[in-house]
Amino acid sequence: MNINTATAGCRLGSRPSLTQAMQNSLVLAYRSLLKVWHTPEQLADVVFQPIIFILVFSYVFGGAIAGSVQGYLPILIPAIWVQSLLQASAITGVQLREDMDTGVFDRFKSLPIARIAPLAGPILADIFRYTIATVSTFVIGYIIGYRPAGGVESVALAALLVIGCSWGISWIFAFLGVIARTASSVQAISMLVLFPLMFFSNAFVPIETLPHWLRWFVKINPVSHIITAVRELTNVGKIGPDFIVSLVGTAVIVAIFAPITVRVYARRTT
């Protein structure tokens, strides 16, 4: 599979069909996966980060927050899961900026491919990274004693939710990658955004233990909604209001940032 075969039938100056755009995007997603295959160390963050965070938080803070490690795992595992995938989604913008800096996108703009393909391809490929982070999280969680009471079906649905939300949020970081000047600036901005969203949420401690002035933000924090939805699915097997809020929020993000990112990218590469 290569870009030439993917662009057969698509002419310069013509508007590609939806089928052609999807085909172009899949080919460029395959290109991104090949990069991972040749440099597997790119997966180090999604493999080892969940393991390190789970071990540190569970054994250092588990007893203080929940009374025991086992009592803290149903709270911690969904939180680390969401955190790991959101941080993985931020890498999308960094890698996109790096590709643009190396000039590979100059080659893409000369090809008869859909304008969205160079952006959608890597973002689709990142689903593989999200899946690896999911597996890593649950493997270490199972080893230290986490047993999701919601059942296999609910865990699978939670996985689709977290991966889908992370994919949608990655469009925000793709937008940052297009407008930023350097990859390091994308990484810095991403951390400034994600760090307060993760720690000013219900990820690691109950909302009731937080100061009153902070609770209002925690309750409207989109990360809190995703984590609550995942906890309800994995620990109870229940689809609650936060599940719907997370889906709607993700759809709104994609509807806003996908077309904006494509337009800005088209202007920057012409």
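Glycine residues also receive a Cβ, built from the backbone N, Cα and C atoms like all the rest.
Positions annotated as domain 'ABC transmembrane type-2' by TrEMBL: 41-268.
As annotated by TrEMBL, transmembrane segment applies to 43-66 (among others). Here the transmembrane segment (43-66) has long-range neighbours at 36, 72-73, 75-77, 80-81, 83-84, 87-88, 91, 129-130, 132-133, 136-137, 140-141, 144, 204-205, meaning same-chain residues at least 6 beyond its ends whose C-beta is under 8 angstroms from one of its own.
Residues or ranges marked as transmembrane segment in TrEMBL: 116-144 (among others). Residues of the same chain lying 6 or more positions beyond the ends of the transmembrane segment (116-144) and with a Cβ under 8 Å from any Cβ of it are 21, 24-33, 36, 43, 46-51, 54-55, 58, 69, 73, 77, 80-81, 84-85, 88-89, 91-92, 95-96, 99, 105, 108, 155, 159, 162-163, 166-167, 170-171, 174, 178, 258, 261-262, 265.
Taken from TrEMBL, the feature transmembrane segment applies to 156-176 (among others).
Summarising the annotation, TrEMBL assigns transmembrane segment to 188-207 (among others).
Annotation source TrEMBL lists transmembrane segment at 243-266 (among others). Long-range contacts of the transmembrane segment (243-266) within the same chain: residues 115-116, 118-119, 161, 164-165, 167-169, 171-172, 174-175, 178-179, 222, 225-226, 229, 232-233, each at least 6 residues beyond the stretch ends and with a Cβ under 8 Å from a Cβ of the stretch.
Within its own chain, the transmembrane segment (156-176) has Cβ neighbours under 8 Å at 78, 81-82, 85-86, 88-94, 96, 119, 123, 126-127, 130-131, 134, 150, 186, 189-190, 226, 229-230, 233-234, 239, 243, 246-247, 249-251, 253-254, 257-258, 260-261, 264, counting only residues six or more beyond its boundaries.
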